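Q: The structure that follows is given in the form of C-alpha cells.
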C-alpha cells in the first residue's frame, strides 16, 4: 500500500494524497474545519458510487454534537456549471439557515469543484471549502490553486474568483469508478506537468504506459446496491490496485508541480501560465470539437502542436517532440485532429484554420491582439519563465498540413550554414534488427526518430526481441538484446504504416519468431499504399526455405501471415534482387540464426542498389558476423551460423539521402552548406550526390572522410548534367530533378537536358516517383521525358520562367503523394519561383500539400528550412475544401440484369441533370461496334472482364467528379479489380447505387429475353454468388419492383427521383420548425396496406416504419417495405426505427449483428430519419453517426417502466449524450404516473432548446404532453390495427385538444370574386379541416369589388384567416397587399391573401404551384434539365405556366398563341432568364433542335382550336418522342374534364395528359398549407372536389 503524502501550497500542507483514506478525510475536515453545518455537494453520478455512500454514512456517524450534515446533489455535466445552478444552491443554503461558519465539501470532478468553490467564495461573502476531487483531471489540475468559476452562454469560466480551499483531499480510490475515457483524458494534464517541469517523472511515465493502458482498458461495468437508496446501479470499475504505485506517483508528482508553480505565482501573472502548455492551441480545438472531444484530448493535440512550434523555432530537438508524441499515443491520447479514431469520435467535424486562430485570440495569456504560447525547451523545462509571443504566420504553418513556400529572396549570397540531418533510416532500421538479435546492451545514438523507426521499435518490443529503454533525455536508445531467444508471436497484427524498410526486414525476422501456447503466427500489415508495394520476391525465397507465409489480401503485398511453427532452414537461398536491395539485407541479417549456414545467391540479373547490401555486410561485421562474398559465383554470399555480439555503443550516421536537400539548397541559392557527419567514408551510396551530381553542375565541393560542404555558383548559373547513372543513390534522383529544372547552358541544341538513369526501382517506392516528378515538374512549367529506367529533365532557360502551379481556377497545390522525398524536393524548387523578381514585386507563394509526410525520415525538415536556412513559410486552409464544393460526384449504377438499370439510369441522369453513359455501349464503341455477346464468344468471359474493368477505371478516373451516371453490366462485380475500383470510388464520396428487385420476378423475365448473352450457369446461382459483392461494393441501394401499369411506373419514377435527390444532397431533408407530427406504422407487412398508407399519413410530416414489427429482417424484405411505402405515400420522409425490447419494442436486445445490418440497409436506402437508441453500445452509435450521410439522426430514449421523473438526472445525462453524439433531433418518451409529470416535462422542454426536442409522456395521463409537443409528435391513425405506444393520439385528436386549450384559433376563410357559385374551394378546404380536426371554416364571399373585400374581410373580420382570390379581383386586390411574393410579382396577379397579423397582408399566387405539382405528381421530374417546355395560349394563366416551367428547370420555353401579336409584350414583361421564345410561324418550329417534353395548355377549353394554332401545336407534340421522360401535357381548364387539346395530345401523339382538376386541387392544397401550416390531405380533397 502507499503512504499518505502531504504537499505544501502557498506555505500550508493542505494537499493530502493517499489511497482509501476515507477515515482520514472525515477526521481532517471535522478536526480542522469545525462548523455547525457541513454541506456535501456532488452530482447524481457520484451518488451511485459505493465509496461515496460509505463516506456520507461515516461523515454522519462522526459528526460532533451540535453539527449537522446536508447533502446537495446537482445534475451531471458542464451544463450544471451555470448561474442558475449557483443560484439554486445559494437559495437552498439560505433556506436551510446556513451561516458564515458553513463548510462546503465539493466531492466530484472539475465541474463540481469549480462551481462549489465559486459558491463558497461568494456565499455570506466567503465560507470555507474543502475540495475532494474524484476525477484524475480534477486531482491534478482543477482542485489545486483556488481557481473557481461558472460558465456563461458567451464562454467557459468567464465569471469566477480565486478562492483557496482549506484542504484538497486526494483519494486515489475514487479513480476505480472513473470511466476509461475520462481516465485517459486526465493523463494529458499529468503528462503536461511532467513535460514542463519534471524530466524524471516523464521518463517514469514512459516506462509505465503499457501497464496503465492494460489496466484502464480492462475496466468492467458492475452492478452495485446503493447503500442510501437500496436501488441497483451500474458503474464502471477499474482495478486500480494493479497499478496503484504508478497511479499514486503520477498523481502525487503532478500535484507537486502544480503546487510549486501556484505557490510562486498564485494570481497567474507569469510563471503560472507555464501550466498552460498545450492549452493555447488545445483550447482552440476544444472550442470547435466540444462536446465530442474532451479537454485532455484537445490539450494532448495542443501539446504536440506547441512542441512542433518550438522545434520550428529551432529550440526543441526533434527527439523531444518524438518522445512527447510517443508518450501521448502510449497513454491512448490523440496527437493530431486527423487521426482516424479521433475523427470518428468527433464526427468528422472540420477545424478551419481561421476559426482556430480566432479562438486562440481569446486567451488570458495574450496581450491585446498579440498571441502568447508556452514554448518547450526540452522535456522537463520551458523556454523562459512565461509564455512567448507568436505570430499568426508561424501558427498557421503549425496548424495545417498545407505549406506556402515564399520565394527565397532575402537569403544572403554569403550565407554559410551547418546542417545535421537526422540519422539514416537505412542504418537505424538495420541497427535495431541487429541489436535486437544480438546479445548484450547496445547504446544507439543519433537514431532517426520517425514513423519508420517508431514502427520498428514497436515491433521489436511487441515480439519481445529485446528490452528497450532511453537515456540522455531520450536522445539515446538502449537496446538490451537477448540473442533472438525470446522472440515470441504476438496476437495483434504489427501495423507498419507505409514503412517499406521495416516491413521487409521484419518479414525475415518473423521467420525466427517462436510460437507461444496461444499464438502460432504473426500478421504484418500497413496502410493502403503499403498494401500495394511489392514483397513477393522475399516471400518466395522464404517460402522456398521452409517458412510458411500467406497473403491476406493482394497477392505479392502486405498484409501477410507468417506461421511461427515453421522453421528457417538455411542452406542455399535464391533471391530475385532487381527490385529492392532491402530483400537481400533482410535475409542477410537473419541468416546467422538459420538452422544451417546460408548461401545467398542473387538471381535474375544485376541486383539493384548493391551499395546498400555492402552497408548491411559492414554493419553485420560491427556486430560480430563476417559475411564472405563468393569468388566463383556472381552476387553470392556465404553467411556462417552464429549470433551477434552487441557493441556497447553504435552511432548512426546521418541520412545521406536527407543530406541531399540542404546541399541542393546551397547549390540552387548560391550559398554554402556543410553536413559535418557524412563524407567519402560513408556506408551510404547517396553520400556521392555532392561529388557525382552537384559538382559537375557547377558547385564547389569540399569533402573529407566525415564531412561534405557544397557552395553553389551564382543563382541561375547551374549547368545541366548530360548523363548520370544514379543506381548507387536512387533515392537522391528526386533532388537531382529539381536542381536540373533550373539548370541551363549556352548550347542551343542541348535543350538544357539532364539525363538520369539507373533508377527503375523508384517506380515502386512510396509512390511511382518517376511519374510523380514528371507530373509535378510540369506544374512549374518544366518539361520531362520518362525513360525505361530513368528520366530526362529539360531545364528552363531562366529561373524567371518558373511558374506558380495553377490551373484555370487559380493556384493549385504541389501533390506529394504521401512521399517524404517528393515533398522535400519540391520545397526547394518552390522557393526558387519568383525568387529573381524585383524586391517590391508581390510574389505568390507555392503551395505544397501533405507536408507532414516528411515525418517518415526528417520530421524537422521544414523547421530547418525555415529557422536554419532562412526560408519564409506560412500555412493555409486546404484547397480541397473549395474545389470539392464544385465537384459533382458521379453515380455508378450496379445490379443484376433486368434490375431496371437502363431505365433508372435515364431517370437518374434526368433528375440530377447529369450526362448518361452506358458502359456496355461504350465497350461496343471501343470494339468496332462488336456486341458484348460476340466479343464473349470470340474472346471468352475473362478477356471481357479485363476490358470491362479497364473501361470502368478509365471513366471513373476521368469523369468521376464531373456529373455522370454510369450504367454498368450486371457482371462488373465478378472482377476483383472492378470491385476494388467500385469500393474506392464509394469511399472517395462517389455514389455506387445497387439497384435490385425480387429475384423470382427477375428470373421469369430473363428466361424470356433472347437479346442478352447466354449464362453459363443458372440465374439464381449467379445471384447467390453476386449478391454479397453488390452489397459490399455499393454505398447506396434502391429496390425497384416490377411495374404492371403506367401509374405504377410513374409513381416509381417519382419515388426514385426524390430518393436520388436526397442521397446526393440536392433535396435537403428539413427538420420541421413548427408544429408537426409523424405517424407510427405497426404493420408486419405493408404489401397489403398500400391503399391505406396515404390516408394514414394525412397531416404528417413523416412516417415511422417500426422495423421491429416487420415479419422478417432480411435486407430484401426491409428494402421492399421501404420501396412500397415511398411509392404509396409519394415519398413522405421515412423515420426508420428498430425499437429494442428494453426500450419498449420487439427487437431482441443483444442482436447487435442484425441491428448493424438493418442500420446499413436504412442508410443505403437513404431514409430521411433514423431513430438511434441512446442505450445502444457506443461503437454502434458512432458507426451510424459517422456513416449517416444526409440522413438525420433522432437520438431516442424511452422510459416504459416510469422509473425516472423528468427532474431525474437520467434525462439530463441522456440529453448531454445526445449532444455529444451530435444527433439532429432528440426524442424522449417518459411515462406519466400523475398529471404533475406533464408539468415537469414542460419545464424540461423549456430548459432544453439547443436541439429540436420531441418529448412526450405515455399513458392517457400523458395525453396533454403530446398536444403540447411541438416538433414531430408521434401519432397514430384510426386505420392502424393498434397504436405504437400507450396514449398515442391521432392528428385530429391533437388538433381538437389544442384548439380547446386556445392553441389554435378558429379562423374564417373565403373564396372572393364573381361568379363563384360553382367554386369548389369551400369543399376543398372544409374537407381538409374536417380530416385534420382543424376548427376553421371556409365560405364564399361573392363580390366584384376589391374595396368591399378590404372593408368587410381584411379590416372588418377579426377572425379572418385568408382568402382565395378569383376573377375579377386577382389584379384589383394587389393594391391592398403590404407584401407580395416573388411569384405574385412575376405572374402579376394574386390568388391567395395571407394575413401577417397587425392588419398586414401578403399577396401570393399558388397557380404556378398547382401546375408544377400536378406535373411532378404525374411523372415529370422535379428538374427537367435539357428538355424544353411549351405553353399554349397567352392569357393570364400562361404567366403562371411560364413561371412553373422555369421552376422545373426548362432551359427554353416556347409559347404559341392564336393571336401572335400578344406574345411579344407578354415575353418582354417576364424575366429574361426564363428564356421564352414566341413562335410566330409554323416553319420556324422545324428548325427547333430541342426535345419538348412538358406542356401547359392555357387556351379556352370550350371552343375548338384555331387551325393555325393546332398546326403549331402538332409540330411541337411530335418533339415529345425523344424526351428523357414520358412527355406530359397539363390542361389548365378544369371544365370540361376532357378538352380538345387533351384528346389530340393523348390519342394522336401518345402524350400523358393531366386534367385541370389536378391543377385546381394542387393549387388549393398549396393555399391550405400556407394558411394552416399543415399539408393538405390531397387524395381525400381531390375525391371530394371531383366526385360530382
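The backbone N, Cα and C atoms fix where each Cβ goes, glycine too.
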Q: Looking at Zn(2+) binding as recorded in Swiss-Prot, which candidate out of 246, 295 goes with 189, 279?
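A: Record source Swiss-Prot; matching candidate: 295.
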Q: Starting from the Cβ centroid of 895, 896, 897, 898, 899, 900, 901, 902, the recorded ATP site, name every other residue in that chain with its Cβ within 8 Å, sequence order please.
A: 970, 995, 997, 1002
Q: Taking Cα atoms as reference points, which of the binding-site residues 111, 185, 899 is nearest to residue 191 (7-phospho-2-dehydro-3-deoxy-D-arabino-heptonate binding site)?
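A: Going through 111, 185, 899 one by one, the Cα closest to that of residue 191 (7-phospho-2-dehydro-3-deoxy-D-arabino-heptonate binding site) is 185.
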Q: For the region 'Shikimate kinase' (890-1080), name the stretch out of 1-392, 405-871, 1306-1588 with the most CB-CB pairs under 8 Å.
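A: The stretch with the most contacts is 1306-1588.
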Q: Within a 10 Å radius around the Cβ, which one of these recorded positions has the most neighbouring Cβ atoms: 125, 283?
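A: When each Cβ's neighbours within 10 Å are tallied, 283 leads.
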Q: Around residue 81 (NAD(+) binding site), which residues of its chain at least 6 apart sit with Cβ under 8 Å of its Cβ?
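A: The answer is 111, 114, 115, 149, 150, 151.
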Q: Determine the most Cβ-crowded residue among the recorded positions 272, 901, 1227, using a 10 Å radius around each Cβ and all protein chains in the structure.
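A: Most Cβ neighbours within 10 Å: 1227.
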Q: Counting other CB atoms within 10 A of each CB, which of the recorded positions 279, 295, 897, 1198 comes out lowest?
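A: Among the recorded positions 279, 295, 897, 1198, the sparsest Cβ neighbourhood within 10 Å belongs to 897.
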Q: Could you say which of the recorded positions 111, 175, 191, 853, 898 has its Cβ with the most other Cβ atoms inside 10 Å?
A: 191
Q: Over all shown protein chains, what is the count of other CB atoms within 10 A of the CB belonging to residue 895 (ATP binding site)?
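A: Within a 10 Å radius of the Cβ of residue 895 (ATP binding site) lie 27 other Cβ atoms.
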Q: Under DSSP, is residue 268 (active site, proton acceptor) helix, strand or coil?
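A: In three-state terms, residue 268 (active site, proton acceptor) counts as coil.
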Q: Whole-number answer please: how many Å between the C-alpha atoms of residue 43 (NAD(+) binding site) and residue 157 (7-phospho-2-dehydro-3-deoxy-D-arabino-heptonate binding site)?
A: 19
Q: Of the recorded positions 283, 295, 898, 1198, which sits closest to residue 185 (NAD(+) binding site) by Cα distance?
A: 295
Q: Any idea what the Cα distance is from residue 295 (7-phospho-2-dehydro-3-deoxy-D-arabino-heptonate binding site) over to residue 135 (NAD(+) binding site), rounded to a whole Å?
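A: Residue 135 (NAD(+) binding site) has its Cα 13 Å from the Cα of residue 295 (7-phospho-2-dehydro-3-deoxy-D-arabino-heptonate binding site).
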Q: When you average the Cβ positions of 189, 279, 295 for the Zn(2+) site, which other residues in that chain have a Cβ within 8 Å of that mean position?
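A: Close Cβ neighbours, site residues excluded: 137, 141, 188, 192, 278, 282, 296, 298, 299, 302.
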